């Protein structure tokens, strides 16, 4: 109550921020007449002037009013578009390390040009981040004329580009690209073997479009660069064939997992667990097909990988549905993004899940991968000196932006008042009733010329609605992951009178739905349109536009509520842009995923009490409140998952930063001879200490063990026993010094052969390779530790603290292993003179030829009988001299059994 009263008197923090910024907007507006008087050359010269002032020590923010006024004037001359005052406000919010919430259709792309220009003046680079390649390319090409007019360069960073092209894109003042590509480039740069291979500059300013999608929806998915691991595709196929024998348990006792079924499914956490009966059955089935010995337990250490395969196969069958979670296209399983409905080409599920789904669908199974490098978006974007973002729906996630990214959310007012009508939800008992009501609503609205956009949560649902519309004889377009290429065209024309468009989730974000259709798209279809043709198209569009407004504007139909209120708001936000008329309504049923998992019992009881009949809908504030509570529950759980992921990844992040810093110092620095000498001392001290403990009696020394260790691991043949026999005065300290001196001399003798320059290059290469190899193994070990760490909770220990403690112990051990491996490899390397190499190569060739002749003669002797038998088998069939020999040796017939028959 008190907070509400104080807000009423002093205004909210949002209001106070906007009040302060409006004063700067007035200042920019006062500069407009002066800017209009400038010639193009003088306006372009402003960029050089601003950079000069920055070089003399001026603060970047002191240039803001003049820089924004310059961009606004340049936009008027290049595009014929003037930034609204609210867009200037949005630009200021983005410059202040904040999230700007700007409604759909308010011109976020044009707003972004203001802070992008201002921050590009520093010369450190600006990264504009979009959700897909199409938007990155579109926005870069659309804004390029404006930035180039002002003397700034623009780059586009797309997947599959060659390193020189990427380097040029990053060297530009402003770079457009996708979040995935920026993240992967960062990881690839930290796997480079020379400074020239790296493409990114220091991360300065990131301007994230659709910031909620990138920093929240995708935050649970880490970016992983992986390499091939061992092949186990056969095992996936064998295990997959056993899963249909298992029966799902409808209700289970969560404590004992007793019941009729063989496995239970928890849809909330997306986990599958075997029951006691299921475990017994799967062990019997595995024994029957010979994968496991009879009487053996699936939980025994030897079968731990088999358990992993069974769990992956169960999850693939019970939790992952075709055309909802993935599609199968040209023999490949492609993941569908649950938030956008787009396919994610090249992305694969980890932990063997993708291979299990491939086995289930009967397509070719790709090898499992091993993690080489990984980072979450949360940690990648926090590497930027300055981060800002914009979206149409951020306010519901303001707390998360603030607590994780330290970004405040500012709601920017609309240019014109919003007049869209958001109608209350209608809830039906069954999905069939709901679909019938949706079809009827579409029929009524299209009859009066109102365009309708139907939002679905999956490809499967979009195709179901499409099928019903086809049956009802209603023409429509479908926009889902299967028709990704036509996305922009379908969305652009979704506002035509009476048009019906079905879209999965937020497919088509970034393209505005113009009421009356897009006249620009129609003009683009003509090769060289005349002025008269353009005017005729515009006049026709104006007629359609007015007709759609008269019919009530664009109507949005949501076929079910999403887990997040924000994504529902994004769907609604497609209507009512720039003060246009519009309406929206959600149709729900008790069979919807969200309702079934989180709210069905409460709402079903409510509907029964109200005496609901099949086909009837309930429309009540209580129901809407129950659904909102269910969504809040899911949002809260997802936030906890993301926060927990971040807390665990922060541990890995500190280690990643240490490794990458060390790696970059290696790449950028000179030789590493001092480092090698230093770690050689450390390594030999540890080795000698383990056989000759400090300040110990000679009787306690294991001299034979030390000699063997030095011989095996460091290629050092040292007669330590002989030294001790011949030199009684040799004590522990002098012995240590002598061993180290001999090791250094042994190494220097190699250096004298190849030369210092080559040895320095070799040292650096070995250090990088060893570091990468051990880091890869460390990441795998961290993954395993992470998977089982929650079990420490049963021992009354905090899993997070245990994870931190153990992971840092593992990290320290890895650094010690790095020192040991590097010195061991460098000590054992065989160095030869060029003439020695040539002589050895000649000897190797002669040995190989002699061995081949012996094998051939042996092969001919052993198989002469087989040749006679084969001749009788082939009968009259003539074998060509150059045909492959029927014995299966792989040689030509004339060089194998043909000789015996000759």
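Our numbering is plain: 1 for the first residue shown, then up by one each step along the chain.
Including glycine, each Cβ sits where the backbone N, Cα and C put it.
For 87, 105, 106, 107, 108, 109, 512, the entry in Swiss-Prot reads ATP binding site. Here Swiss-Prot flags 885, 887, 896, 897 as Zn(2+) binding site, drawing on sequence analysis. Annotated compositional bias 'Basic residues' per Swiss-Prot: 891-902, in sequence order. What Swiss-Prot lists as region 'Disordered' is 847-902.
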Residue with minimal Cβ packing [other Cβ atoms within 10 Å] among the binding-site residues 106, 512: 512
C-beta crowding around residue 108 (ATP binding site), within 10 angstroms: 22
Other CB atoms within 10 A, centred on residue 109 (ATP binding site): 17
For residue 108 (ATP binding site): DSSP state (helix, strand, coil): helix
Other CB atoms within 10 A, centred on residue 87 (ATP binding site): 27
Residue 107 (ATP binding site): tally of other CB atoms within 10 A of its CB: 19
